[in-house]
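J.: According to TrEMBL, the record shows the following:
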- 77-90, 290-302: NAD(+) binding site (BINDING)
- ARG97, ARG107, ARG135, ASP226: substrate binding site (BINDING)
- ASP226, ASP250, ASP254: Mg(2+) binding site (BINDING)
- 4-361: domain 'Isopropylmalate dehydrogenase-like' (DOMAIN)
- TYR142: site 'Important for catalysis' (SITE)
- LYS193: site 'Important for catalysis' (SITE)
Amino acid sequence: MSNKLFLLPGDGIGPEIMDEVKKIIEWMNANLDAISFEIDEGKVGGSAYDAHGAAISEEDMEKAMTADAVLFGAVGGPKWADVPYEVRPEAGLLRLRKDLGLFANLRPALCYPALADASSLKKELVEGLDILIVRELTGGVYFGEPKEITDLPDGQKRAVDTQLYTTSEIERITRVAFDLAKTRSNRVSSAEKHNVMKSGVLWKEVVTRIGAEEYKNTPLEHVLADNCAMQLVRNPKQYDVIVCDNLFGDILSDVAAMLTGSLGMLPSASLGAPDAASGKRKALYEPVHGSAPDIAGTGAANPIAMVASFGMALRYSFGLIKEAEMVDAAISNVLDKGLRTRDIATEGANVVTTSEMGDAIIAELKALA
Ligand code: NAI
Ligand code: MG
């Protein structure tokens, strides 16, 4: 097994939560036969700027390009508020997404039983919830040209963003969604707005064709994106995999995520195209949250989003399904035992630090192995 993990902890709480993942990797290397990860580490974001004057060095970009998976912490913070735009911390993440060709963003919304009470929805609506939003990440209105603000003769300004998709861009994200659905409950819902958008018409057409030609045994439904937002809040369990464009995916994935928990609990994966020779996809795994400068250095950071992101790497980059399930079960078990970092703590909870949470997850892994 090819087994190179490249770690980019980044700024703020990034290094703190990555330390917990490092402990888990070391434990797995020593104790699980299927696992022997080689880990290397680089700098990204403000910490890379401080060291090299760039949001990521060329050397670290090269390491990211040749790794089997990149684990990314978080970047940014007030310290770098005034650095030049091209080398701002976020530029590191954008460069990685672009050069690795990460066009598919996977955002699970999974309800851990112990936290079902914490949802803003009624417990019965979210208990057992397990949906996956597959968001197109490199096209659409965030990138389409023209994209500009111009002056009009009457003194007004005119702003344009362009929602732009090609057939092949829609085809490849559709295949990712269907392939994932086959490993889950085998249902795909495609969200767009073909009623008012040409890109929606093409989206629906292409998804329908790929579904019919290549995935006959996987049921497909189409849903208007605004209705999808309503349905997610009304009855989220009707969905398994939802595939959508960059803009709708940005919003729908945030809606879905918040049904189940706090920012500190949410992992994500971003995948590229399969390599022609090896079939392996470039991939980057990161928590959804940022660098949380308000709590950095206090031991209050919740490492679960980062640990669960590593779990996604085990599943999607290395095919280590049993080990990925162990990570998910370990997280679920520590929550069942009442352990909480401050962000998910309720009255009377057993509040633990970042590293205590990491240690507790390892103790559960030991019990499960
Ligand atoms: P944030 O996600 O860093 O924090 C929002 C709130 O959630 C804060 O109160 C924070 O303490 C809390 N929080 C976040 N993650 C947590 C965790 N694991 N455990 C406990 N509490 C947690 O977003 P914010 O404050 O808007 O941005 C802070 C910095 O992070 C900015 O520089 C921003 O640009 C950057 N950022 C970076 C991202 C990335 O690296 N992908 C994504 C979002 C923001
Ligand atoms: Mg968002």
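Positions of Cβ are set from backbone N, Cα and C atoms, glycine also.
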J.: Please classify the secondary structure at ALA300 (NAD(+) binding site) using three-state DSSP.
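T.: Coil, per DSSP.
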J.: Anything within 10 Å of ARG107 (substrate binding site)? Look among the recorded positions GLY77, TYR85, PRO89, TYR142, ASP254, ALA296, comparing CA atoms, and list what you find.
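T.: The recorded positions passing the 10 Å Cα test are ASP254.
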J.: Which three-state DSSP class does TYR142 (site 'Important for catalysis') fall into?
T.: helix
J.: Since the record lists GLY77, PRO89 as binding-site residues, which of them has the fewest other Cβ atoms within 10 Å of its Cβ?
T.: GLY77
J.: Taking the binding-site residues one at a time (ASP226, ASP250, ASP254), which has its Cβ surrounded by the most other Cβ atoms within 10 Å?
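T.: By the 10 Å Cβ neighbour count, ASP250 comes out on top.
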J.: Can you tell which of the recorded positions GLY77, TYR142, LYS193, ALA300 lies nearest to ARG135 (substrate binding site) in space, using Cα positions?
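T.: Smallest Cα separation from ARG135 (substrate binding site) among GLY77, TYR142, LYS193, ALA300: TYR142.
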J.: On the 0 to 100 pLDDT scale, where does the domain 'Isopropylmalate dehydrogenase-like' (4-361) sit on average?
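T.: The answer is 96, the mean pLDDT of the model over that range.
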